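Database features (TrEMBL):
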DOMAIN    66-178  domain 'Phage head morphogenesis'
DOMAIN    308-408  domain 'Phage-Barnase-EndoU-ColicinE5/D-RelE like nuclease 3'
REGION    188-215  region 'Disordered'
Amino acid sequence: MSDPAAADPKVAGVLKRPFPEQVAFFRAKLGKMMPSAKWDDVWKGRHDQGFMVAGAAKADLLSDLAAAVDRVIAEGGSIQSFRKDFARIVERNGWDYRGEFNWRTRVIYTTNLSTSYAAGRLAQLREGGFEWWVYKHSDSSLHPRPLHVSWNGLTLRADDPWWKAHYPPNGWGCRCRVVGVRRPEDADRYGGKVRTAPDNGIDPKTGEPSGIDRGWGYMPGDTVSDAVRTMAAKTQQWDYSLAKSYMQGVPESVRDRLATAYRSLPSVADDVRRYAQAALDGRDVPPYRTMGLLTSADAKTVGGLTGARVDLFDYAIDQYAPRHILTGHGDAKSELARGQREVRVEDYALLPEMLNKPDLVEDGGMTKAGRPVVRISKEIGGEMRTAAFEIREKRRSLALQSMWIKAGAPPR
């Protein structure tokens with residue numbers, strides 16, 4: 001049976017459009033990893049304060065899972081790539097999770113995506129000063145909840161108490177949403193109409209208002225929307241900036257684990273390779289593709305070699321590097337004369353691994369433009385790989401400049 005989360009174009013569309021408030025909300029949670037034994041150990045609004053996955057108790061496991069979810073939210077990503085990352089994380093940590101693989105990954109993926117999306121939109125609604133909110137049921141729902149359908153178009157003041165428990169999502173897999181309008185008559189364009197807030201009673205099985213799943217009778221992001229708005233206001237509106245933003249408030253030790261976990265994700269290796277291939281093909285690509293933040297140890301090493309302050313800088317590849325490397329180290333005959341082999345597109349997928357566990361980091365001198373360069377080397381599969389990174393202070397980035405591969409030899 002096909003997976004609705006994998007096939008639904010509306011879900012995929014959200015993934016392709018990360019926005020500042022959504023990313024800011026999720027990254028604010030990363031400063032507090034919440035160990036748990038079961039899903040209801042963290043209740044309602046406490047989810048605004050930290051990151052949890054039911055049954056994940058160890059710090060390394062939580063960091064790995066957080067990095068995988070963060071990539072989905074900040075960069076956009078399919079459930080297929082998340083499942084690939086999840087499988088690697090489970091294997092690496094020896095985690096005996098509960099539930100069938102597709103079901104468990106779908107729950108983690110859609111729950112974090114929908115709640116961060118809702119929290120981000122809540123911050124936008126409040127920032128925009130929308131005095132009226134319209135409840136919208138999702139037409140893409142495969143199994144519509146009758147009460148959710150009955151609430152479609154319900155238009156209430158933003159401060160109506162009804163929203164405290166009914167601001168969507170209202171349960172597992174719920175895709176309902178809220179849109180804001182400035183005047184009651186503006187709700188017409190969304191099929192909305194001002195009505196009295198419905199009282200559907202309390203479900204005795206859940207203790208929640210009828211139509212709300214147990215544990216979902218709260219407003220995601222309500223307790224942190226002011227902070228999220230402040231964070232989001234400082235960000236440029238483009239995907240690469242979002243991918244590396246809002247990490248200042250995360251404790252250094254947690255940030256370091258997240259950075260390393262991010263570079264360990266199979267999807268990141270795949271994306272770096274695909275980015276390089278697209279750049280070589282002359283296709284439109286973003287100006288940069290991040291490979292995650294430097295750890296505090298990385299920043300100290302680079303600073304000691306170059307004198308540059310690179311705290312909270314990231315490693316990145318830009319759209320010009322693959323072509324430059326092809327010109328300098330892409331010809332098999334020329335590289336053989338140097339005792340090297342040509343750089344191939346699949347070699348880019350190993351860059352994250354090189355950055356996580358280098359054998360050598362050394363001063364690479366200066367570029368013609370006067371920028372410091374560091375060289376990072378690692379032996380993988382009997383080949384010594386070296387990547388040169390240029391420090392770009394304005395971008396707060398170490399950008400790939402060159403790469404070469406020597407078989408069975410120390411770095412040059």
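Every residue gets a Cβ built from N, Cα and C, even glycine.
Caution: TrEMBL annotation is automatic and unverified by curators.
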Residue distribution over DSSP helix, strand and coil in the domain 'Phage-Barnase-EndoU-ColicinE5/D-RelE like nuclease 3' (308-408): 27 helix, 44 strand, 30 coil
Secondary structure content of the region 'Disordered' (188-215), with strand meaning DSSP E or B: 3 helix, 4 strand, 21 coil
Within the predicted model, mean pLDDT of the domain 'Phage head morphogenesis' (66-178): 96
Helix, strand and coil counts within the domain 'Phage head morphogenesis' (66-178) (DSSP): 64 helix, 11 strand, 38 coil
